[in-house]
Amino acid sequence: GLSIAVLGPTFPNLAASVGKNVSDIYYIFVGRSLGSLGGSMVGGVLLDCMDATLLIALSMLGTSASLYAVPWCKESLLLTILMSVVGGSSGILDTDGNVLALHTWGSEAGPHLQALHFSFAAGAFLAPIVAKMTFGGSESQELAGAEKTNQSVLKSVPTASAASTTPAPNVHQDEDFLWSYIIIGTYSLLVSIFFFVLYSKISSARDKSKAPAQKDRLAKYHWPLVGLLFVFFLFYVGAEVTYGSYVYTYAMAFTDMTESEAAALNSVFWGAFAVCRGAAIFGAAFLSPTTMIVMSLVCSAASSTALAFFAHYKALLWAGSAVYGISMATIFPSGIAWIEQYTVVEGKTASLFVVGAALGEMCIPVAVGYLQGRFHHVPVVMYTAFATSIVTALLFPAMYKLANAPQEKDLQEVSDRETRKTLLSNSRLTEDEEDEEDVREWNDADFEVIEMNDKLKNSLMDTSHRIPGDSPAEVSLQPHLDDALGDPPVVADGSPGRQNENVDWEKSE
């Protein structure tokens, strides 16, 4: 954030340093943007080949070296190359920082991603303060007066060379200009040293061993999902940068605000953006990425609708700008944390997200500026905010559906699980039927035994109660009954011998 945002307040000093007019070195912004795109793509490729901590350390070292060299640069081409290096380093840092956060904290990376992106907003906020502290008040006023003189001379004498019309920079101004870049460059160098020390303390073997296992977590529609999120970030970042860049002009052209009011409106947007990113660090610990994205999209749709159709009410313009800034704050880090839940985010994947954001930052503001120049009475800025909010609100449900599509392996596992369940249920039914059949057979056998025992007992009782004088034929049945029952009949005193004596006595009588 510091290295990117310091270019704005020091831009006149850079022009004076290379002997050019401010309007003649606009291409350094193009060089920085192209460097950011290239750094994002190269960083994604390198991240799959080397350790992320080492790559971040090298990118911060490149940023530090470029910032140290910028104030000493006296050629516009060399200045453009140096700013391209700064942009490339920021692209590598943006890509690898997101991936490193995901690899470090995994599913709990939400708050850390929010803190990572909040640090960019904090750096962008502090860069003008650092520049102002080093420049001082009188020197800035002298530089502004010199620029006005320079522009008037160029208009009156078009053939004059820039070197002859540009006032010689003040020595004290050069010292202040130098210190602003030295401070930020030193800070980048300290961060680079920290990451080098961190790299020396850790081993990348663990990350490499996890890579094959992580590849199994690829979503079924991995690349379509990545492509949709690429377009999603393109529209989101493009809308964010477009509104922040043109709301000042819109406020003066369509609502007749003064310069101070328009500047305050612009500050409300970016202030709400930064504050919400800071608050999202704590909110991400309690809310899921899906919830945060849905909340942001709802707020974006509501605020952009108010801005597009009711912005002529100043109260709605102020409130809508604040809410729109809040809704823009958390989408990018929440989107990275969201997709990590469904698929693997590697270096190339993260680089596509950063490239999409960079393309949106470059293309959409240019298109809006062109259309606004063609249609002066149409609030193109507000209509663009409304259109992009509708596009992103439609893209996210499609991404959510693709992300939750079951994989073929999951379907096979479900099918196998259902098959095993069916087989187990059938086997249980068969076992139950067999058990019931056995129970029925045993019950039938028990009933037969019980009936036979009842018949035998009844016949025995009839025999024992007969009076003396029964026929010998009936008495002769008693031994056979005893053999059938298996035990000798028991009489009152419980002695079998007593039973035999009674029988013999009856026979003798």
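Heads up, the Cβ atoms here are built off N, Cα and C, so glycines get one too.
According to TrEMBL, the feature compositional bias 'Basic and acidic residues' maps to 409-421.
Residues or ranges marked as compositional bias 'Acidic residues' by TrEMBL: 431-442.
Per TrEMBL, region 'Disordered' is recorded for 409-442 (among others).
Annotated region 'Disordered' per TrEMBL: 461-509 (among others), in sequence order.
Outside the transmembrane segment (25-47), and at least 6 residues removed from its termini, the chain residues within Cβ reach (under 8 Å) are 4, 7, 14-15, 18, 55, 59, 76, 79-81, 83-96, 99, 346-352, 354-355, 358-359, 361-362. The transmembrane segment annotation in TrEMBL covers 25-47 (among others).
Feature annotation from TrEMBL assigns transmembrane segment to 54-70 (among others).
The transmembrane segment feature in TrEMBL is assigned to 178-200 (among others). Outside the transmembrane segment (178-200) by six or more residues, the chain places 2-3, 6, 10, 51, 53-54, 56-58, 60-61, 63-65, 67-68, 70-72, 127, 130-131, 134-135 with a CB less than 8 A from a CB of the stretch.
Outside the transmembrane segment (221-248) by six or more residues, the chain places 262-263, 265-266, 269-270, 273, 321, 324, 328, 331-332, 335, 339, 342-344, 349, 352-353, 355-361, 363-365, 368-369, 372, 381, 384-385, 388-389, 391-392, 395-396, 398-399, 402-403, 405 with a CB less than 8 A from a CB of the stretch. The transmembrane segment annotation in TrEMBL covers 221-248 (among others).
According to TrEMBL, the transmembrane segment annotation covers 294-311 (among others). With a cut-off of 8 Å between Cβ atoms, the residues of this chain six or more beyond the transmembrane segment (294-311) that come close are 254-255, 287, 317, 319-321, 323-324, 326-331, 334, 379, 382-383, 385-386, 388-390, 392-393, 396.
Marked as transmembrane segment by TrEMBL: 317-338 (among others).
What TrEMBL records for 350-368 (among others) is transmembrane segment. Proximity of distant same-chain residues to the transmembrane segment (350-368), defined by a Cβ-Cβ separation under 8 Å and at least 6 residues beyond the stretch ends, is recorded for 33, 36-37, 40-41, 43-45, 47, 91, 94-96, 98-99, 226, 229-239, 241-242, 245-246, 332, 335-336, 380-381, 384, 388.
Below 8 angstroms of C-beta separation, residues 225, 228-229, 231-232, 235-236, 238-239, 242-243, 246-247, 249-250, 290, 293-294, 297, 300-301, 304-305, 307-309, 311, 324, 331, 339, 364, 368, 371-372 of the same chain, each at least six residues beyond the ends of the transmembrane segment (380-400), sit close to that stretch. As annotated by TrEMBL, transmembrane segment applies to 380-400 (among others).
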Same-chain residues near the transmembrane segment (54-70), Cβ under 8 Å, at least 6 residues beyond its ends: 3, 14, 39, 43, 46-47, 79, 82-83, 85-86, 88-90, 92-93, 96-97, 100, 181-182, 184-186, 188-189, 191-193, 195-196, 198-199
